[in-house]
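Read through the structure below, which is laid out as structure tokens, and then see the notes.
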Amino acid sequence: MRAALALEDGTIVHGELFGSPREAEGEVVFNTSHTGFQEALTDPSYRGQILIMTFPMQGNYGILPEVGESDRVQVEGFVVRYLHDGPIHPRAEITLDEFLQDHGVPGIAGVDTRMLTRKIRTEGAMRGVLVPYEPDDQPSDEELLERVREVPHISEMDLVPQVSVREEYRFSDGKPEIVVIDCGVKRSILRELAKRGAGVTVVPYDTSAQEIMDIDPDGVVVSNGPGDPKRVRETVETVRELIGQVPLMGICLGNQILGLAEGGDTFKLKFGHRGANQPVKDLDKDRVYITSQNHGFALDPDSLRDTPLRVRWVNVNDGTVEGVVHTDAPAFSVQFHPEAGPGPWDTKWVFDEFLAMCREH
């Protein structure tokens, strides 16, 4: 089968379908990582999005059993230049094509991903549809663009409830006792906490502050997740109540939630930061780290001036806020992903810093 990808600016490309023969819609974004397609596909922060990989070949090592960041493919659709159909890693269980088929997610191959990336970089992330079709039944351009016009904007989607756990569960035993508010948490975050001896309990995004304090945690992590942080009012209110009661760390969406909880504001980035090569400067240490990132929203630095939040990390490329520290309470947050998954391990020490804070308090 064939497939078409249509963007809201009128761009339409045709290619070969792989994965599931169903239609997909969402915000079309790009990731600049050279490897890590499995981690990207299973990252809950990609819910509601059609993902373009800028590196040309994808699928060349197959799907490995221990690598996924969640139990399912989270992207709505997958766009690649070349789909590898040859030998895969000896430990791989299935191919990328089979993986997407199993999870009901369509992909399109054989398209100019460089052109698409340049367009999104210039014009910004935009709505799109991925439509499979038989070669003798190609949809018209107007039909495709009409479908695009019906796609909701990412800020109109309630995505966190779709990816958050529905019931509290225990991930690991140990000390200090950490509660993770699941807004779409990646497994790598839980693994990094457990690796350092922490006891980890995961709770739904809408768990109240009182319910969390009843667990008697030594610290709370507000996880990554998809979409606009202003759509998760319950989590913002919970964090507002927890500040000062227990040490807090936010990651990615959790960074934005901490900012909103203290009266800051967020805004949508033009095309977001998605990849494993984002340089971030730590103003406290006067050092630059290469980080893994996946977000389309950011904290407005001007909105933080009258709040108890101090900017500690900034993006070297565009100057956006990459993390804040609370000046009156044991709390901080980072916009980047210290756990990587995929990406560099330069900032895994952030977990050590947080757990030390939990032990001190």
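Glycine is no exception: its Cβ is also placed from the backbone N, Cα and C atoms.
Copied over from Swiss-Prot:
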- Cys252: active site, nucleophile (ACT_SITE)
- His337: active site (ACT_SITE)
- Glu339: active site (ACT_SITE)
- Ser45, Gly225, Gly227, Leu253, Gln256, Asn294, Gly296, Phe297: L-glutamine binding site (BINDING)
- 177-361: domain 'Glutamine amidotransferase type-1' (DOMAIN)
- 1-173: region 'CPSase' (REGION)
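The two recorded residues, Gln256 (L-glutamine binding site) and His337 (active site), show a Cα separation of 13 Å. Once Cβ contacts within 10 Å are tallied over all protein chains shown, the binding-site residues Gly225, Gly296 are led by Gly225. Comparing the residue listed as 'active site, nucleophile' with Phe297 (L-glutamine binding site), their Cα atoms are 9 Å apart once rounded. Under the three-state DSSP scheme, Asn294 (L-glutamine binding site) falls in the strand class.
What surrounds the L-glutamine site, by Cβ distance within 8 Å of the Cβ centroid and not counting Ser45, Gly225, Gly227, Leu253, Gln256, Asn294, Gly296, Phe297, is the set Asn224, Pro226, Asp228, Pro229, Cys252, His295 from the same chain. Each residue contributes its Cα atom, and for Asn294 (L-glutamine binding site) and His337 (active site) those atoms are 8 Å apart. Regional average pLDDT for the region 'CPSase' (1-173) in the model is 97. DSSP assigns Leu253 (L-glutamine binding site) to a helix in the three-state reduction. For Ser45 (L-glutamine binding site) paired with Glu339 (active site), the C-alpha to C-alpha distance reads 14 Å. When the alpha carbons of Leu253 (L-glutamine binding site) and His337 (active site) are compared, the span between them is 10 angstrom.
Annotation note: Ser45 (L-glutamine binding site) sits in a helical segment as assigned by DSSP.
Cβ contacts within 10 Å of Glu339 (active site), excluding its own Cβ and spanning all protein chains shown: 25.
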